[in-house]
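*Asks:* If you look up Swiss-Prot, you'll see GLU3, GLU4, GLU6, GLU9, GLU13 marked as 4-carboxyglutamate, on the strength of an author's statement.
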Amino acid sequence: GYEEREIAETVRELEEA
């Protein structure tokens, strides 16, 4: 869903940090 995609993107950014 929409939330799932949002978390996935956020997690990706957090892992990159």
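Cβ from N, Cα, C; glycine included.
Surface or core, plus neighbours and distances: that's what I need for these features.
*Replies:* In the three-state DSSP reading, GLU3 (4-carboxyglutamate) counts as helix.
Just so you know, the Cβ of GLU4 (4-carboxyglutamate) picks up 8 other Cβ atoms within 10 Å once every protein chain is counted.
Taking Cβ-Cβ distances under 8 Å and a sequence separation of 6 or more, GLU6 (4-carboxyglutamate) has no neighbours in its chain.
Packing around GLU9 (4-carboxyglutamate) is summarised by its Cβ count: 10 other Cβ atoms lie within 10 angstroms of its Cβ, all protein chains included. According to DSSP, GLU9 (4-carboxyglutamate) is assigned to a helical segment.
In the structure as shown, the Cβ atom of GLU13 (4-carboxyglutamate) sits within 10 Å of 8 other Cβ atoms.
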*Asks:* Let me know how many other Cβ atoms fall within 10 Å of the Cβ of GLU3 (4-carboxyglutamate).
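*Replies:* I count 7 other Cβ atoms within 10 Å of it.
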*Asks:* Please report how many Å separate the Cα atom of GLU4 (4-carboxyglutamate) from that of GLU13 (4-carboxyglutamate), as a whole number.
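*Replies:* Computed Cα spacing between GLU4 (4-carboxyglutamate) and GLU13 (4-carboxyglutamate) is 14 Å.
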